[in-house]
Ligand SMILES: Nc1ncnc2c1ncn2[C@@H]1O[C@H](COP(=O)(O)OP(=O)(O)O)[C@@H](O)[C@H]1O
Ligand SMILES: CC(=O)N[C@@H](CCC(=O)OP(=O)(O)O)C(=O)O
């Protein structure tokens, strides 16, 4: 037997209740909306954390969000290439992918990472379905640059199969190996694929879970975490070469998503337990959020009384 008094809660029941109640408008803002979550390989390495992320995603689904997961697996691909003594090389945040490496990319992304994520979700019930870019012609790509080998540029996203799965209450889990216009397969950076999918499926939000707290104005200066920025500012940072490595495709993906009509793009730390819930269900959030204009951002930033929020929901119904 355990006495409640010995559990020493950090908050009083009233404070806890207040906090839960404050999430209500944010929960309402997600219900019925499509949310594309890019789950990066860098945030996937710890199995316990991965379970927590899957739990948070299930919670989003239970409250009525239409969730699409697009996953990476860069770290696992590096490991597999090392195992076969194949080189690991990136240019502008994209992997140089020889035909040999492409075979490994397929094995790792489609055969391993995708199945593991689907299995982790399906422990809780038959909710997830693995989708590779070529399934249902979901992602069609052509060669991006001969120097990068089998790296693809997305030319078309066909959302029919994803929509069918969402309508039937499944969570599609997408591995970003695309069908090539030349009949082969292409390796698509998972951030870029997520940006294109979010735009094509008219997502309300695109959320990028990675291994840093968000976008830093200066990565070396940990006090420079950016809380929010506009589309123009994001493009400005890219043009000025202010970001490097994996952050380049991530920001490019945010730009693609926002230009394609996605309401918000978020970059958050997937290695911090429940960052997804804090980002989505609190006024302050934890990571970096990108939005089309400052006006549209400020509109969202004060806690909305439930009644007032309901009228906003009507205004944004199409999303
Ligand atoms: N300005 C920046 N702010 C944040 N991260 C940055 C920045 N510039 C480069 N990075 C790097 O981008 C990495 C995230 O991209 P990546 O390694 O591709 O992760 P993922 O596997 O989640 O896509 C960070 O770990 C960090 O090293
Ligand atoms: C072309 C290209 O770079 N493809 C990526 C695909 C996986 C990925 O994007 O994984 P993360 O999200 O974990 O970085 C790669 O081969 O690593």
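Backbone N, Cα and C define each Cβ position, glycine as well.
What you are looking at is a predicted structure, and each value in this text was computed from that prediction instead of being measured.
These come from TrEMBL:
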- 73, 74, 95, 187: substrate binding site (BINDING)
- 33-269: domain 'Aspartate/glutamate/uridylate kinase' (DOMAIN)
- 38: site 'Transition state stabilizer' (SITE)
- 250: site 'Transition state stabilizer' (SITE)
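Distance noted between the C-alpha atoms of residue 95 (substrate binding site) and residue 38 (site 'Transition state stabilizer') is 18 Å. DSSP gives residue 38 (site 'Transition state stabilizer') a strand state. The maximum pairwise C-alpha distance among 73, 74, 95, 187, the residues recorded as binding substrate, is 12 Å. What surrounds the substrate site, by Cβ distance within 8 Å of the Cβ centroid and not counting 73, 74, 95, 187, is the set 41, 72, 77, 97, 105, 108, 109, 189, 190 from the same chain. The Cβ of residue 73 (substrate binding site) lies under 8 Å from the Cβ of 41, 44, 108, 109, 112, 113, 175, 190, each of which sits 6+ residues away along the same chain. Only 73 of the recorded positions listed as 38, 73, 250 bring a Cβ under 6 Å of any atom of ligand 2; the order follows the sequence.
Taking a Cβ distance under 6 Å to any atom of ligand 1 as the criterion, the binding-site residues 73, 95, 187 reduce to none. Neighbour count (other Cβ atoms within 10 Å of the Cβ, all protein chains): 22 for residue 95 (substrate binding site). Taking 38, 74, 187 as the recorded positions under consideration, the smallest Cα distance to residue 250 (site 'Transition state stabilizer') is found for 38.
Mean pLDDT, taken over the domain 'Aspartate/glutamate/uridylate kinase' (33-269), works out to 95 on the 0 to 100 scale. Listed recorded sites: 38, 250; maximum Cβ neighbour count within 10 Å falls on 38. According to DSSP, residue 74 (substrate binding site) is assigned to a helical segment.
The highest number of surrounding Cβ atoms within 10 Å, among the binding-site residues 74, 187, is found at 187. Put simply, residue 74 (substrate binding site) is 13 Å from residue 38 (site 'Transition state stabilizer') when counted between their Cα atoms. Residue 250 (site 'Transition state stabilizer') carries a helical DSSP state (H, G or I).
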